[in-house]
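Quick look at what TrEMBL annotates:
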TRANSMEM  A:12-37  transmembrane segment
TRANSMEM  A:84-107  transmembrane segment
TRANSMEM  A:119-140  transmembrane segment
TRANSMEM  A:161-179  transmembrane segment
TRANSMEM  A:191-210  transmembrane segment
TRANSMEM  A:250-270  transmembrane segment
TRANSMEM  A:276-297  transmembrane segment
TRANSMEM  A:309-332  transmembrane segment
Amino acid sequence: MGAWLNEPLTWGSALILFLWSTVFLLIVLGFVTYAIYYERKVIGWMQLRIGPNRVGPFGLLQTVADIFKLLIKEDTIPRRADRLLFIIAPALAFIPSFTVLAVIPYTEKLYFADLNVGLLYYVALSGITTLAMVLGGWASNNKYALLGGMRSAAQMISYEVPLVISIVGVILLSGSLNLRDIVAAQGGGWFWSWNLFPQIIGFIVFYIAAVSELNRTPFDLPEAESELVAGYHVEYSGFRFAFFMLAEYVYVYAIAALTTVLFLGGWHAPAPFLDFVPGIIWFLLKFAFIVFSLFWIRATFPRVRVDQLMSLGWKVLLPVALLNVFLTALYLELFVK
Amino acid sequence: MIRTEELLLNVGPQHPSTHGVFRIVVKLDGEVITEATPVMGYLHRGTEKLAESLNFTQIIPYTDRMDYVSAMTNNYVLVHAVETMMGLEVPLRAEFLRLIVMELQRVASHLVWWGTYLLDIGAMSPFLYAFRDREIIINLFNELCGARLTYNYMRVGGVKWDAPPGWMDKVKDFIPYMEKKLEEYDKLVSGNEIFLARIKGVGQYDAATAIDHGLSGANLRCTGVRWDLRRDEPYSLYSRFEFDVPIGHNGDCYDRYLVRLEEIRQSLRILKQAVEQFPSDGETMGKVPRVIRPPVGETYVRIESPRGEIGCHIVSKGKAEPYRLKFRRPSFVNLQILPKLLVGETMTNLITILGGIDIVVGEVDC
């Protein structure tokens with residue numbers, strides 16, 4: 001894939017890029033389908049339930065059936081909703097979630113865009129989805145949806161900041177914003193050369209802020225079903241609702257991949273003698289573990305309160321992230337330079 | 001200039017956290033509540049009026065449907081009132097069975113509360129764990145009287161069914177099982193930082209306020225008032241058993257949580273003693289006239305239900321039907337403090353406080 005990107009754009013290479021993107025879209029949709037299945041199974045087992053097991057062998061087609069059901073459902077728009085914004089919001093939520101995936105490198109060879117500001121690109125685009133939640137919440141003309149949308153705006157502002165600052169340490173260490181270079185800088189031997197260990201503070205802040213960005217338990221305030229019924233998507237039905245869900249799961253994919261790339265050494269094996277295993281396998285293993293940990297957290301924790309969320313973001317995560325930047329810079333100045 | 005206005009929000013009657021069809025109209029300033037008005041009556045079935053044209057045995061199933069999470073104690077308060085009026089003797093075995101089912105019911109009821117409360121706070125798993133353990137009790141009841149929720153088990157003068165062979169052993173096995181599970185609950189939830197941050201200091205009131213509002217049960221005991229009718233006005237066989245009445249000190253949601261969990265432990269303690277002392281044989285029905293006609297007069301009896309003090313006031317004119325029947329429902333009375341607690345709280349705390357009071361809408365609306 002990398003080879004194609006560096007060639008001049010011709011009709012031929014444009015076609016190949018288009019085909020690759022389509023394949024990639026299908027892979028991600030497949031991921032979403034089975035991430036939902038995986039989540040329902042994992043949480044089901046944690047909660048003494050069985051999870052889906054009726055549609056298809058072992059319930060493997062359950063999500064397909066669910067999506068099909070959403071497709072054929074009546075598409076309702078509240079009478080006094082702002083129709084234009086109401087229709088735009090789901091698409092606006094979904095498009096950036098997909099666009100951010102372009103910069104993630106899977107192996108040395110397999111990546112879709114070799115952007116030298118890859119990390120910045122990711123962070124900038126992922127913020128747009130929150131705009132869609134606010135829009136959707138506002139346009140629904142529903143009070144619960146409005147509260148959900150407002151919460152999601154406040155949450156995004158509070159957690160985007162520590163999220164970005166927590167990865168500054170990684171950028172300092174590898175000296176690049178390009179995600180491929182960041183992974184390359186973590187290579188060379190054992191797992192302790194991954195950013196996870198030198199950047200453990202950064203990792204913890206990043207992880208908490210990422211869970212919050214994903215709007216998942218314990219930070220699922222915008223859709224807190226026991227308080228706001230369903231939050232910003234309370235009025236959405238059918239495929240518009242599916243788009244919000246899709247965006248949410250694509251972000252799970254994106255954040256898990258990003259965590260793998262930034263902190264877990266991407267495609268690098270944990271030990272030199274394990275190098276014979278293809279890099280993509282290592283990537284997928286680390287990736288699957290991060291996804292699993294997100295589900296695990298969901299089955300364990302209660303939800304935080306909205307004011308506690310704010311104080312955690314501004315009073316704890318932000319100073320800790322700044323401290324991490326300071327320590328990393330100090331280390332680089334004193335020992336590396 | 002930005003124009004701001006208050007948001008009038010209808011929470012319920014179809015809201016997932018109002019535990020049924022309860023409704024609160026709140027005025028919100030941002031997310032802060034400036035005024036809250038509870039609206040009730042969506043589940044009103046006129047039980048008390050209906051009872052006036054039914055004889056006492058026929059009223060028992062109606063009491064099942066009042067506090068449907070704790071039907072056994074409701075059964076008891078009615079038959080206890082009639083027995084008190086008529087001065088009936090209840091055989092020892094029947095009284096033991098009643099006490100055992102009431103304490104099992106208290107455990108089951110608190111488990112439902114524990115699970116749904118955690119669900120309100122946003123943790124999903126505890127709900128399913130609580131229902132797993134409640135299921136054992138429900139199965140025991142099912143074996144005893146053939147119903148899982150509305151038991152219609154007690155009768156004036158005794159109980160309808162004797163315990164089937166082996167039933168008491170199952171109760172005996174359940175006690176250590178539940179004690180172990182309670183430790184598990186504590187490990188999973190009671191020390192969780194997020195959980196503590198959510199409920200500590202929320203919905204706080206002092207003992208005087210609680211008494212002024214007529215609160216009872218865990219809602220009263222969380223303020224430090226040691227008042228439990230099982231201990232202070234022993235009915236049934238409670239004077240025979242040793243148990244503590246747990247109290248809190250701060251009167252917040254966290255104390256209510258701890259008091260309820262401790263009550264499960266104390267109920268298990270009572271059960272352990274009751275199962276040991278259970279008479280090996282005897283009647284389950286006392287000598288009761290064919291038609292139950294309480295003498296002319298009035299009686300008020302009260303017992304400790306899982307939600308607080310449940311009372312039954314019967315006015316009889318010597319007929320087979322009551323002239324007037326009135327239930328003092330703890331859910332309804334405990335709810336009276338809600339509007340006061342909610343002002344100045346956030347939308348999130350509304351759910352925490354409402355859940356902490358532990359209402360059953362069937363009982364609020366009766």
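Backbone N, Cα and C atoms are what each Cβ position is placed from, and that goes for glycine too.
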Self-check item: Recorded stretches the transmembrane segment (A:191-210) and the transmembrane segment (A:309-332) touching, at least 3 CB pairs under 8 Å
Solution: yes
Self-check item: Proximity of the transmembrane segment (A:119-140) to the transmembrane segment (A:250-270), 3+ C-beta pairs under 8 angstroms
Solution: yes
Practice problem: Considering only the recorded stretches A:161-179, A:250-270, A:309-332, state which has the highest number of Cβ pairs under 8 Å to the transmembrane segment (A:12-37). | Solution: A:250-270
Practice problem: Using a Cβ-Cβ cut-off of under 8 Å, list the residues of the same chain that are 6+ residues beyond the ends of the transmembrane segment (A:276-297) and lie near it. | Solution: 35, 38-39, 42-43, 46, 106-108, 110, 211, 214, 216-218, 252-253, 255-257, 259-260, 264-270
Exercise. Please give the sequence-distant neighbours of the transmembrane segment (A:250-270): residues at least 6 beyond its ends with Cβ less than 8 Å from one of its Cβ atoms.
Key: 28, 31-32, 35, 94, 97-98, 100-101, 104-108, 119, 122, 126, 129, 167, 170, 179, 182-183, 186-187, 190-191, 193-196, 199, 202-203, 206-207, 210, 213-214, 216, 277, 279-280, 282-283, 286-288, 290-291, 294
Practice problem: Please indicate, using numbers and ranges, the residues of the same chain that are 6 or more beyond the transmembrane segment (A:161-179) and have a C-beta under 8 Å from a C-beta there. | Solution: 103-105, 114-120, 122-123, 185-186, 195, 198-199, 201-203, 205-206, 208-210, 213, 258, 261-263, 313, 317-318, 320-322, 324-325, 327-329, 332
